Amino acid sequence: MPELPEVETVRRGLTPAMEGVVIARADVNRPDLRWPFPADMAARLTGKRVERLRRRSKYILMDLDSGETLLVHLGMSGRMLVSGDPLGQFVHSHPAPEKHDHVVFHMANNARITFNDPRRFGAMDLMETASADTHKLLSVLGPEPLGNDFHESHLIEAFKNRNSPVKSVLLDQRIVSGLGNIYVCEALFRAKIHPIRKAGKISGARVATLVPIIREVLAEAIEAGGSSLRDFKQADGELGYFQHSFDVYGREGAPCKGEGCTGQIKRIVQSGRSSFYCAQCQR
C-alpha cells in the first residue's frame, strides 16, 4: 500500500495538471471501490474548479470551489495517472482506456487524470471542506511527521508506559500519520532500535532521535519519487526509485550496510507484517 512518500509524490505530480483548473467532465465508471461512491459524484465534480490539492496522511484531498473536498485513497493498487497535459501549444495524446479505469477527470486544460485500481481497495468520498477535519477517516489521525506538531516531546509522551513493540506504536496512525511498514523499518534501522523492543522501555533520548530520522527517511523517499515494489507509479507513469536505497526492507539474508557490521538482515513477522532488521546493529 502506498505510504506517505508515494502519496505525496502523486500529489505533486497532479498539482500542475489540476490545481486552479476546472474539471470539465468527470466519468464514474462503477458504483463503488472499497466503499460505494458518494451520491451524484460525477455531477458534483463536473464544472468545479480545483482550488487546492493537499495531502493528509495517506489521503489526497482535492478542495473544490463548490465548498466540497474530494478525498482520494489509493488503496493497494490505485494509481492516478496524468495524460494529455498541455506543453506549450502541443498536447500529448491520451492512452486508450483500460479495464480498471474507474474514475476519469477530464480537465479544462486538456489534461486527463485517470484513477486506475485493479484490486479496488481504493476509495473516494466527498465532504464539506470547512468540516473536512471531522471526517471519520481524518479525525482520528495523529500529527504529520513532516509537520511542526510532530516533535520529540510528542513522541516521548506517546511511548510512555507502552508495552507494545516500538514498530507497532510507530504504525499507529493516531500517534503519527502516514507511516507504513517500509519507512518504519528503515527509520528503526537508522536509529539502531530493534523493532520488537517495547516502546515504553526505550529511553527518552533514544526516542527523541527518531523524530529527525523519520523526517530524513521520508524526505529522501519523496525526493526519489517514492518506492515502487509492486503497483506504485508516479502520476506521470514513472516508477519510484527509493527501493534501490533500502537499508533493510526486503533484504532478508543480505549483508548489513551498517559501517563495520558483519551481520545479515533478518526478517520476522509482527502483526501480519514483515519486519526487516539487523540483530547486530539494532538493540
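A Cβ is built for glycine as well, from the same backbone N, Cα and C atoms used for every other residue.
Annotated in Swiss-Prot:
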- P2: active site, schiff-base intermediate with DNA (ACT_SITE)
- E3: active site, proton donor (ACT_SITE)
- K58: active site, proton donor (ACT_SITE)
- H100, R119, R162: DNA binding site (BINDING)
- 247-283: zinc finger (ZN_FING)
- R273: active site, proton donor (ACT_SITE)
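Overlay of Swiss-Prot feature records on the structure.
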| residue | record | Cβ within 10 Å |
| --- | --- | --- |
| P2 | active site, schiff-base intermediate with DNA | 27 |
| E3 | active site, proton donor | 21 |
| K58 | active site, proton donor | 22 |
| H100 | DNA binding site | 17 |
| R119 | DNA binding site | 13 |
| R162 | DNA binding site | 17 |
| R273 | active site, proton donor | 15 |
Rounded to a whole angstrom, what is the C-alpha distance between E3 (active site, proton donor) and K58 (active site, proton donor)? 6
Taking the Cα atoms as reference points, how far is H100 (DNA binding site) from P2 (active site, schiff-base intermediate with DNA) in Å? 18
State the mean pLDDT for the zinc finger (247-283). 97
Over the residue list H100, R119, R162, recorded for DNA, what is the maximum interresidue Cα distance in Å? 43
Rank aside, I only need the closest one: which of the active-site residues P2, K58, R273 has its C-alpha nearest to that of R162 (DNA binding site)? R273
Looking only at the recorded positions P2, R119, R273, K58 (active site, proton donor) has its closest CA neighbour at P2
Cα-Cα separation of R273 (active site, proton donor) and R119 (DNA binding site), in Å? 19
